[in-house]
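Written out below as structure tokens is the structure these notes cover.
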Amino acid sequence: MVLKPSKLTLALAFLSALIVANVSGPQYIYPTFGSSLNDRFEWTPVENSIVSTSCFIGVSFSGPLCAWMLESLGITKTLRISAVLVFLGPFLVAQTYAGRLPSHFILCTVYLIFTGLGGAAAFLCTLDSQSHNFKERRGLSMGLTTASVGICGVVFSQINDLLFGPNVFSVNAPYSNDSTYHFLMFLSICMATGILLGSFFLGPIVPAYEPILPDRVDQEDTIKSETTLSGTDLLKHPIGGGIFCALFIVIGIGYVYLANIGQILHAISSESDQHDRNLHITLFSLGNCGSRVIFGALSDLLKNKYGVHRVWAFVYAIVTLLLALMFLVSHETISLEELKPCTVIISMSYGILFGVAPAVTTEFGTKVFARNWGLLLYAPAFGSQLFNVLFGVLYGTEAEKQHDHLSAVT
């Protein structure tokens, strides 16, 4: 006889995973306050590009470290360490913004890298918990979890609009008491609290040694239990290498687009403001979230019913991303309205990768999932840095050309 956890226990674990995931995405929240930091410290385009991807650096390059923490310390201790990190990061940035700490861009980068590390470790705990507790519907359960972290951008951008907008705080307030400072303080407390609460509920409910009857396990789980690959063997595998390349391209470009949306909007129209930035962050988050849920469930259906491998979703994501980019570069001028569908399409491509990739990764073994996912996160880490430096250089060069042109005209 197979012992099964109660529905209430499963529900609490599932909801806790969604809550923790929703406060574990500082890389999606950064654009909400990133432009304010740039205006405050007057960074160069390259410096701003480095700071804007610092959260993502912490998320991606910390993958093996997060996997080691999870395997060595367990989910509960890892989450509590993460709560401390995600509190300290925004808190120190807030004090820097207020002028109480040195304002060098490298220091802000370090603070945000540790914030990203904490968020990545917490998010990895949610995925590991879901992979153990919902074996038959990993695509859907992981899709919903990754959707939750993806939608945190829209949650916090709307909170910023409603609770920290110009109608609440004076635009002439000192830096130590303006909307950005209070939002950063709110962010540090909210993220830390959500992750800390999750530490009491997350984790595998069914013990690993519990016997499972063959007739209760579907074919997919049987295959997964027979396949265990990690390290360089994972990258040498055609599917493992395909995941790495897809993450490098789609996530790398997608995150650079999101992190620099303020500069993109300003380049299109000098009249764009915080509301426009929040709107595009909201659109990106909704497209990102929706595609994770839809394609997570769709990958389960196609895999289980028709035998179509989940990796084909990556092909669709890359093609749609390239079409959106071709539209952007083929027009000399573009309006703010025309940019909206591009934001949605890019966000959906981004979401497909992060929604389906974890489920594909579990096919190489649930016992080594944390290790493999940490390794694969190097792909978007390198991709985001490469594309972000290119963006910073090209943006700075184009800005200088336009400035010289305007100076010559006047």
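Placed from the backbone N, Cα and C atoms, the Cβ positions cover glycine too.
What TrEMBL says about this one:
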type     : residues : note
SIGNAL   : 1-25     : signal peptide
TRANSMEM : 50-70    : transmembrane segment
TRANSMEM : 79-98    : transmembrane segment
TRANSMEM : 104-127  : transmembrane segment
TRANSMEM : 179-202  : transmembrane segment
TRANSMEM : 239-258  : transmembrane segment
TRANSMEM : 311-330  : transmembrane segment
TRANSMEM : 342-361  : transmembrane segment
TRANSMEM : 373-395  : transmembrane segment
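Contact between the transmembrane segment (50-70) and the transmembrane segment (373-395) is supported: at least 3 Cβ pairs lie under 8 Å, counting only residues 6 or more apart in sequence. Distant neighbours of the transmembrane segment (79-98): 20, 23-24, 26, 36-37, 40, 69, 73, 107-108, 111-112, 114-119, 121-122, 125, 175-176, 180-181, 184-185, 187-189, 191-193, 195-196, 198-199, 202; these residues of the same chain sit at least 6 beyond its ends, with a Cβ under 8 Å from one of its Cβ atoms. Beyond the transmembrane segment (239-258), the same-chain residues lying 6 or more positions past its ends with a Cβ under 8 Å from any Cβ of the stretch are 27-28, 31, 53, 56, 153, 229, 233, 264, 281, 284, 309, 311, 314, 317-318, 321, 325, 343, 346-347, 349-350, 352-354, 357, 360-361, 363-364, 372, 376-380, 382-384, 386-388, 391. Comparing 311-330, 342-361, 373-395 for CB pairs under 8 angstroms to the transmembrane segment (104-127), the maximum falls on 373-395. Long-range contacts of the transmembrane segment (311-330) within the same chain, counting only residues at least 6 positions beyond its ends with a Cβ under 8 Å from a Cβ of the stretch, are 239, 242-243, 246, 249-250, 253-254, 295, 298-299, 302, 342, 345-346, 348-350, 352-353, 356-357, 360. Residues 79, 82, 86, 119-120, 122-123, 125-126, 129-130, 133-134, 141, 144-146, 148-153, 155, 190-191, 193-195, 197-198, 200-203, 205-206, 210-213, 216 of the same chain sit 6 or more residues outside the signal peptide (1-25) yet have a Cβ under 8 Å from a Cβ within it.
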